[in-house]
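Student: Sequence annotations record features per position, and here Swiss-Prot assigns ATP binding site to Ala10, Tyr11, Ser12, Gly13, Gly14, Val15, Asp16, Thr17, Ser18, Ala38, Gly119. The L-citrulline binding site feature in Swiss-Prot is assigned to Tyr89, Asn125, Arg129, Ser177, Ser186, Glu262, Tyr274. Look at Swiss-Prot and you will find Thr121, Asn125, Asp126 tagged as L-aspartate binding site, backed by sequence analysis.
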Amino acid sequence: MGRAKKVVLAYSGGVDTSVCIPYLKQEWGVEEVITFAADLGQGDELEPIRQKALDAGASQSLVGDLIQPFIEDFAFPAIRANALYEGRYPLSTALARPLIAKRLVEVAREVGADAVAHGCTGKGNDQVRFDVAIASLAPDLKVLTPAREWGMSREETIAYGERFGMPSPVSKKSPYSIDLNLLGRSIEAGPLEDPMVAPPEEVFAMTRSITDAPDAFEEIEIRFESGNPVAINGQSLDPVAMIREANRLAGTHGIGRLDMIENRVVGIKSREIYETPGLLLLIQAHQELESLTLAADVLRSKRQLEMQWSDLVYQGLWFGPLKEALDGFMDRTQEHVNGVVRLRLHKGNATVIGRGSSDSSLYVPEMASYGSEDQFDHRAAEGFIYVWGLPIRLWAASKRSSR
């Protein structure tokens, strides 16, 4: 008896998910495999996927357009939370996983499947993200994980697929594993597994090299409303168009490349190369506007909780209760994050050169100025310092008396 009758497989068109189709049928006795691929803005990469799955033995090959919810419901909350895992990675890949899992469960319900499956390996983050998200949304659904159990090496997996007429997508010339969506690209494997090897220019596609970036700088203005980016250089943009334009601007000037050693959920360190031009640009601008519009104690607390929010998303806990509670905090803080940030883009750098808010700024020039318009009561400082420093004076006196 097979492990399931009808399975919906999260499908990317890569080696592992393609091999999963015949493997589920031949080795695990699954009667029918339906694939689901999410359109997250990959572009031309999606074109051959539908037929590729059918050629591998899928009974149906479904592709769902998830670009708009991906940006509105996942990327924009990440911008409001200034989400940077370990202070650097803006979660471009991690943000996609809960959305794919959500739609995978919905498709399984629609077609009457008794299980879902994915092609994640046993040492990556995505297995955690998919399994935990599916368990959160549909604890009754069986999750099949052939790539975690089949025990084949990369070479053996490719050879298995070739038995069923699958061409190898990995060549000696291009040995990299690449994940792509509208927010960015993640590149790993091949020579990049040596952390001392510099990434060759050929692995980048969304950003220009510093040498190829324009010699002249470009100044832009990004406007935010309630923490969401809504316009660039005075032109209002819907969320998807906003990400595309931010990608174009930042990528042109070589902004958005990351090369980092990352701590995976499973406990190992991995070397990751990311291209996330637009997302990094928008987060930088958003952080700057918050410095102008949030009270000091709120800003400090939010910076601490941003790290926790980022960890939860990275660790696959998007649908968990703590993440939901933190969402409420983040949303409340954004009510007055309104204004404009001006940045200068040049040769890999985005430098903030101005920020302003007509209705939400907590910067009061008359209080900050040292000129004739200064309205700060300097005489009040003495009493404030006395009370502020009282615990220190009492502590110092106690030390002296104990000698």
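All residue numbers here begin at 1 and follow the chain in the order shown.
For all residues, glycine too, the Cβ spot is worked out from N, Cα and C.
Quick one: how deep are these features, and who are their neighbours?
Tutor: Gly119 (ATP binding site) carries neither a helix nor a strand DSSP state and counts as coil. Sequence-distant contacts (6 or more apart, same chain, Cβ under 8 Å) of Gly119 (ATP binding site) comprise Leu9, Ala10, Tyr11, Ser12, Gly14, Asp16, Thr17, Val19, Cys20, Pro146, Ala147.
For Tyr89 (L-citrulline binding site), the number of other Cβ atoms no farther than 10 Å from its own Cβ, over all displayed protein chains, is 22.
In three-state terms derived from DSSP, Asn125 (L-citrulline binding site) belongs to neither a helical nor a strand segment and is classed as coil. Sequence-distant contacts of Asn125 (L-citrulline binding site), defined by Cβ-Cβ distance under 8 angstroms and a gap of at least six in the same chain, are Ala94, Arg264, Val265, Val266, Tyr314, Gln315, Gly316.
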Student: In Å, how long is the longest CA to CA span across Ala10, Tyr11, Ser12, Gly13, Gly14, Val15, Asp16, Thr17, Ser18, Ala38, Gly119, which the record gives as the ATP binders?
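Tutor: Result: 17 Å between the two most distant Cα atoms.
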Student: Out of these binding-site residues, Thr121, Ser186, which one has the fewest other C-beta atoms within 10 Å of its own C-beta?
Tutor: Thr121
Student: Which state, by DSSP, holds Ser12 (ATP binding site): helix, strand or coil?
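Tutor: It is coil.
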Student: Taking the Cβ of each of the binding-site residues and counting other Cβ atoms inside 10 Å, which one has the highest number: Ser12, Ser18?
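Tutor: It comes out as Ser18.
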Student: Work out how many Å separate Tyr89 (L-citrulline binding site) and Ser18 (ATP binding site) at their Cα atoms, rounded off.
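Tutor: A Cα-Cα distance of 28 Å.
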Student: Any idea which of the binding-site residues Asp16, Asp126, Glu262 has the thinnest Cβ neighbourhood at 10 Å?
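Tutor: Checked Asp16, Asp126, Glu262; of these binding-site residues, fewest Cβ neighbours within 10 Å: Glu262.
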